[in-house]
Ligand SMILES: *[C@@H]1O[C@H](CO)[C@@H](O)[C@H](O)[C@H]1NC(C)=O
Ligand SMILES: *[C@@H]1O[C@H](CO)[C@@H](O)[C@H](O)[C@H]1NC(C)=O
């Protein structure tokens, strides 16, 4: 009695996996089409070529001549259509000494940070009211993970340029920077004061520096 039942289970598992492996084959995004909550429709596979699976914008160092001494080159689905449906994305980060990726979060993905060059302090702040800071000074070759959604930062705490390869478990991790959300938009200054406790004078000063109004 056992054997047919077991066989049935094995058959079901096998067909499920083999089906999903075909179903998940690939789906290079057709960026001209409308995006859906599940990603983009597939580009006609007869027009997909080898080079669709290659991303070359990480080859050269980005421009770090800016107040954060930072360059971010994104490979999200909109930048690299082959990521569509693969639950993968990456960013190349270049930072001069004292360069910083300001406090931010990715609503849709955890993150893995790999130090390619330099020495970088990476930290995140836990949620659920505990607000514990978990930070490490990483050196070349080390990796740190940031759990999904938590506020985090990267700072080049070394004396040479730093390069990070950051990977995500989503082809569209999303991003929100805290200072931009507060001081780089039209969020009325009196409400910024009410909701953060930072005085309106300081809020206006930060808005002037970061390009906010109101
Ligand atoms: C994909 O392209 C081929 C060759 O150009 C064409 O024959 C086929 O109809 C296309 N399929 C779809 C779904 O557009
Ligand atoms: C880097 O960016 C700065 C500021 O936008 C600009 O002045 C400079 O020309 C850029 N350098 C290169 C090599 O593109």
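Keep in mind that glycine also has a Cβ here, set from the backbone N, Cα and C atoms.
Note that the coordinates shown come from a computational prediction; the quantities given were computed from them, not determined experimentally.
Copied from TrEMBL, the annotated features are:
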BINDING   104, 106, 111, 152  Mn(2+) binding site
BINDING   106, 111  oxalate binding site
DISULFID  27-42  disulfide bond
DOMAIN    56-204  domain 'Cupin type-1'
SIGNAL    1-23  signal peptide
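Within the model, the domain 'Cupin type-1' (56-204) carries an average pLDDT of 95.
Of the listed binding-site residues, namely 104, 106, 152, the sparsest CB environment within 10 A is found at 104. Cα proximity to residue 42 (disulfide bond) (within 10 Å) is found for none of the binding-site residues 106, 111, 152. Of the chain residues outside the Mn(2+) site list 104, 106, 111, 152, 105, 124, 146, 150, 151, 173, 175 have their Cβ within 8 Å of the site's Cβ mean position. Across the structure, residue 111 (Mn(2+) binding site) and residue 27 (disulfide bond) place their CA atoms 23 angstrom apart. In this structure the C-alpha atoms belonging to residue 104 (Mn(2+) binding site) and residue 27 (disulfide bond) are separated by 30 Å. Across the domain 'Cupin type-1' (56-204), DSSP assigns 22 helix, 59 strand, 68 coil.
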